[in-house]
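Asks: Pasting in a structure now, in structure tokens, and then I'll have a few things to ask.
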Amino acid sequence: MPSKFSSTLLLLLSILMSIQLLVSAGNFYRDVDITWGEGRGKIQEGGRGLSLSLDKLSGSGFQSKNEFLFGRFDMQLKLVPANSAGTVTTFFLSSQGEGHDEIDFEFLGNVSGQPYTVHTNVYTQGKGNKEQQFHLWFDPTAAFHTYTIVWNPHRIVFLVDNSPIRVFNNHESIGIPFPKSKAMKVYCSLWNADEWATQGGRVKTDWALAPFTAYYRNINIDGCAVSSGTSSCKSIGSTNNAKPWQTHELDGKGRNRLRWVQSKHMVYNYCADSKRFPQGFSEECKRSRF
């Protein structure tokens, strides 16, 4: 598929996704708690938006009020503009306690004119090492874009403006752990990680430019809320009246978009890093990525 046509198609998908979220978006007052930052996190636009700021003293963050076992989680973000080196903006799911599960979107800042790195990872029972990284096909600081995690018992799908960039399938049948038993909350934060975030830590945060600010908008969670060990979903395995995310898998168009993103925009894949894993790659790397 020609690159110009692909970029136009992805832009149209972005517009359609934004319209959908305007209709179905949640409310930050209702859905989240600002948990740290001493006033650096601010809910705006009557609950539709939220800003997080970072200065030399502290970053800031928030988390969902509820925890979930499976769901679709959409968030629109506009990242720190210009020189964002050293900063990390996050949108992820995580359980608590020892041997936690986690599904990550992290946005690693860069010097002006250089692209953000979108860092994805999956932790199960406290173990990650499943990193894939991407450079986006647009400027994520110029406007809001939608980032999505779809998590069901079969797979985890990472999407940007409703286009899949990564699929992590359940390969428990070959001994690969998959997060499916621990409820997770949504977490978002803006923090300083200049010891590693930008060009391997070679470029540090320029505090003369602080405060740095990232914007979140139109949170939308459609999932199985868990309270006192009880899920709000009757049966995640049933196909009767199932929501689309419960059986989500890529169709032909989705597979084509995934191929395009991974061939043109992936900059790191743990399944191809022989220096890091000289003993050989994890078994799921040998299986289909769809």
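Residue numbers in this text run from 1 along the chain shown.
The backbone N, Cα and C atoms fix where each Cβ goes, glycine too.
Just so you know, TrEMBL annotations never went through curation; they're auto-generated.
Values in this document were obtained by computation on a predicted structure and should not be read as measured data.
These came from TrEMBL, pasted as-is:
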ACT_SITE  Glu102  active site, nucleophile
ACT_SITE  Glu106  active site, proton donor
ACT_SITE  Glu106  active site, nucleophile
DOMAIN    1-216  domain 'GH16'
CARBOHYD  Asn110  N-linked glycosylation site
SIGNAL    1-25  signal peptide
Asks: Looking at the domain 'GH16' (1-216) alone, can you tell me the average pLDDT?
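Replies: That region's mean pLDDT is 92.
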Asks: Let me check the 10 A CB neighbour count of Glu102 (active site, nucleophile). How many other CB atoms are there?
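Replies: I get 18 for this one.
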Asks: May I ask for the distance between Glu102 (active site, nucleophile) and Asn110 (N-linked glycosylation site), taken between their Cα atoms and rounded to an integer number of Å?
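Replies: With the alpha carbons as reference points, the distance is 25 Å.
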Asks: Test of understanding: give the count of other CB atoms lying within 10 angstroms of the CB of the residue listed as 'active site, proton donor'.
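Replies: Total other Cβ atoms inside 10 Å, all chains included: 19.
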Asks: Which residues, sitting 6 or more apart from the residue listed as 'N-linked glycosylation site' on the same chain, put a CB under 8 Å from its CB?
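Replies: The list for the residue listed as 'N-linked glycosylation site' reads Ser84, Ala85, Tyr116, Thr117, Thr198, Gln199, Val203, given in order along the sequence.
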